[in-house]
Amino acid sequence: MRPFLLRAAQLLALLALALSTEAPSLSAETTPGPVTEVPSPSAEVWDLSTEAGDDDLDGDLNGDDRRAGFGSALASLREAPPAHLVNVSEGANFTLDARGDGAVVAGIWTFLPVRGCDAVAVTMVCFETACHPDLVLGRACVPEAPERGIGDYLPPEVPRLQREPPIVTPERWSPHLTVRRATPNDTGLYTLHDASGPRAVFFVAVGDRPPAPLAPVGPARHEPRFHALGFHSQLFSPGDTFDLMPRVVSDMGDSRENFTATLDWYYARAPPRCLLYYVYEPCIYHPRAPECLRPVDPACSFTSPARAALVARRAYASCSPLLGDRWLTACPFDAFGEEVHTNATADESGLYVLVMTHNGHVATWDYTLVATAAEYVTVIKELTAPARAPGTPWGPGGGDDAIYVDGVTTPAPPARPWNPYGRTTPGRLFVLALGSFVMTCVVGGAVWLCVLCSRRRAASRPFRVPTRAGTRMLSPVYTSLPTHEDYYDGDDDDEEAGDARRRPSSPGGDSGYEGPYVSLDAEDEFSSDEDDGLYVRPEEAPRSGFDVWFRDPEKPEVTNGPNYGVTASRLLNARPA
């Protein structure tokens, strides 16, 4: 009975204190960072408020008591618990403080671990006509374990629970919950319950450890830089005063060495007849270029300072970069000319160009047109080089009479004709010669192959003669045949011997047939020594009277005929006519 009475006394004390105490305004604080409340887009609403029962004080809360949206319904019957969003870096300490205007006399802290909660925000949630701020979690946010008790807060006169919770606030008699060296496993919902229900809800998100601070990186080392800021046009009337000194902005960078500087003002007349007056910036940095010394329209353009008049100068011999922008007035300098023109006349109207040098190099420049209303022209700043005047040679200096080098007039080198293909070098000559030789070899080889192929084709092609049918046929090979030596009149090689050859009479009478010529060669002798008689051609049938010679049909073999060996060898070695 004693434990039961003790528990009953605890519950009665909690209920009495809760009814007599107003709901406090809750806050959350983290160490080292403050509480962050971030609005979120629409997401699924989970109100994780629960009602604490008798069994909740004995140990872990039942996870089934968490009902989505049920806490909002309870919020319409009583004051909703404040909701807080706390972001903590990994490894940091944080403290959840539930104190407000009214102290919480007794309560218990619970923890619900969740994962995947990327979109979390504190948003106004309305149920019917009642609205209250509540935590809004994304759909990907899911609990990993049931909600469990992690600490309690009771007055000193109330006996404590026998079981020590896993995490106990060091301030046992105040509604604080402190977590040391937070890890990602500490991400979740922390709720403070009292006898009437949830009193405060905290969502703690433990993120990655912030990167260690890096050593500050200074600007890259650079040389001094200057920039002139002035008016590009000034209108005046005769008798007025105008100042040519612009504002010079200086950035000395990391330089610690003294430097020299000059400020030069150049004057050029700007005729009113020029609709546009051009100032070419490349010529400020390269005043000796041929294009700058001999521009196309020198009267309406400012190109090289060598073509203008130097009207004023400031020369600084040694100046410290530690002075910053004050070096123009703090450093000693030598000057001549007038920077401020008082009681100006109309003759002083024109273009004034300021060129500033730093250690002998052009650092910045600026221009201003000082003119009356009648002589005002439009000035245009060009970023390209001007066009070269016709007849200007392409050699150094750009002039055919004299050039300027560091203020000294020297004769110009002789002009050379312009070669659009560049200067001829031995390498180019070698390439041209090699190309010509290769082309000659290719053409000669092609011609030789054509001649060779044509000769081979002519040698292998048989000779054909046309016929009356319009076709072509192989031409017969005619040669003399051996006959009786009585018909021999001379050598075959003698052209006149052909006329003396005898022809046998036609067996057909006047049929027009003319037999073949008989051979009169001495070599055509009868091969047989037994028969010394004359060879008589056998009678043949009459033939046509055409003048075209046809190849005779094969003769029957004659036993004692002439020797055709010489004739056969001649036919085999004969070439087509």
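Each residue, glycine too, has its Cβ placed from N, Cα and C.
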Cysteine from C300, C319, C331 that Swiss-Prot links to C274 by a disulfide bond: C300
Range annotated as region 'Acidic' in Swiss-Prot, from 53-64, 389-400, 485-496: 485-496
DSSP-assigned states of the region 'Interaction with gI' (117-141) in counts, ordered helix, strand, coil: 0 helix, 16 strand, 9 coil
C-alpha spacing of C319 (disulfide bond) relative to N258 (N-linked glycosylation site), in angstrom: 5
Residue pair N343 (N-linked glycosylation site), C274 (disulfide bond) - Cα distance, angstrom, rounded: 26
Cα proximity to C319 (disulfide bond), best match among recorded positions N87, N93, N185, C283, C300: C283
Assigned element (helix, strand, coil) containing C319 (disulfide bond), judged by DSSP: strand
